[in-house]
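Now, the feature entries from Swiss-Prot:
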type: DOMAIN; residues: 32-207; note: domain 'BPL/LPL catalytic'
type: BINDING; residues: Arg71, Gly72, Gly73, Gln74, Val75, Thr76, Tyr77, His78, Ser138, Leu139, Gly140, Gly151, Leu152, Ala153; note: substrate binding site
type: SITE; residues: Lys135; note: site 'Lowers pKa of active site Cys'
type: ACT_SITE; residues: Cys169; note: active site, acyl-thioester intermediate
Amino acid sequence: MQDTTLHIRHLGKQDYESVWHAMQHYTDTRNSESPDELWIVEHPPVFTQGQAGKSEHILNAGDIPVIQVDRGGQVTYHGPGQLVVYPLIDIKRSKIGVRQLVTHIEQSIINMLAKYDIQAYAKADAPGVYVNERKIASLGLRIRRGCSFHGLALNVDMDLAPFRRINPCGYAGLEMVQSKALGGPQTVTEAGEQLTITFSQLLGYQHLVHHQGLAAS
């Protein structure tokens, strides 16, 4: 039976690697009673290269570090002004498949943007969320021990220039867009609050418990 409680962890601004390793640790040590969690964070500038990533898609990293990680997908960029959300969900317990979880994540972004009269959509062959053929959110997951980690990145109010140093998600010339320019959420905090609502509604969580920072390990 699915626990209908979702724990929301507000991590503020944190470096990528420490949060990544904390996600791995939570996933590796959780059991059938461990709660599902949603981690909300903002990272300093970093390129992350997924398991399908090819080095030729990093055109000119410059002074921005590149980290090889254990999620699906190819290269993407994280930076200030971008909302990053990591759903740590026991999909085995929740009885949902990986594809269904991806669809739920994409739809939660689409539903959130619809509140601002922004018509966003997903693409079957290219995970993420798009507005007028420009990408507003990227997505990459890893499933281990029947549980998800990694997640989504929504462009809110950031410098989009570093995306031009890569082929985002392996697509040359893919244009990026952000919510502030479209009349959507103006801050990462606002976007996080709204996305938490649409995500929890779609996955059937009825009780949200908020925490500041990571749990003591």
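Glycine too: its Cβ is placed from the backbone N, Cα and C atoms.
Locations of recorded Swiss-Prot features on the structure.
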residue: Arg71; record: substrate binding site; Cβ neighbours (10 Å): 22
residue: Gly73; record: substrate binding site; Cβ neighbours (10 Å): 23
residue: Val75; record: substrate binding site; Cβ neighbours (10 Å): 28
residue: Tyr77; record: substrate binding site; Cβ neighbours (10 Å): 26
residue: Lys135; record: site 'Lowers pKa of active site Cys'; Cβ neighbours (10 Å): 21
residue: Ser138; record: substrate binding site; Cβ neighbours (10 Å): 26
residue: Gly140; record: substrate binding site; Cβ neighbours (10 Å): 25
residue: Leu152; record: substrate binding site; Cβ neighbours (10 Å): 24
residue: Cys169; record: active site, acyl-thioester intermediate; Cβ neighbours (10 Å): 21
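Rounded to the nearest whole angstrom, the C-alpha distance between Val75 (substrate binding site) and Cys169 (active site, acyl-thioester intermediate) is 5. Residues Arg71, Gly72, Gly73, Gln74, Val75, Thr76, Tyr77, His78, Ser138, Leu139, Gly140, Gly151, Leu152, Ala153, recorded as binding substrate, reach a greatest CA to CA spacing of 16 Å.
Among the recorded positions listed here, namely Arg71, Gly73, Tyr77, Leu152, Cys169, Cys169 has its C-alpha nearest to that of Lys135 (site 'Lowers pKa of active site Cys').
On the backbone, the CA of Arg71 (substrate binding site) and the CA of Cys169 (active site, acyl-thioester intermediate) stand 12 Å apart. Counting in whole angstrom, Cys169 (active site, acyl-thioester intermediate) lies 7 from Gly73 (substrate binding site) by their C-alpha atoms.
Across the domain 'BPL/LPL catalytic' (32-207), the model assigns an average pLDDT of 95.
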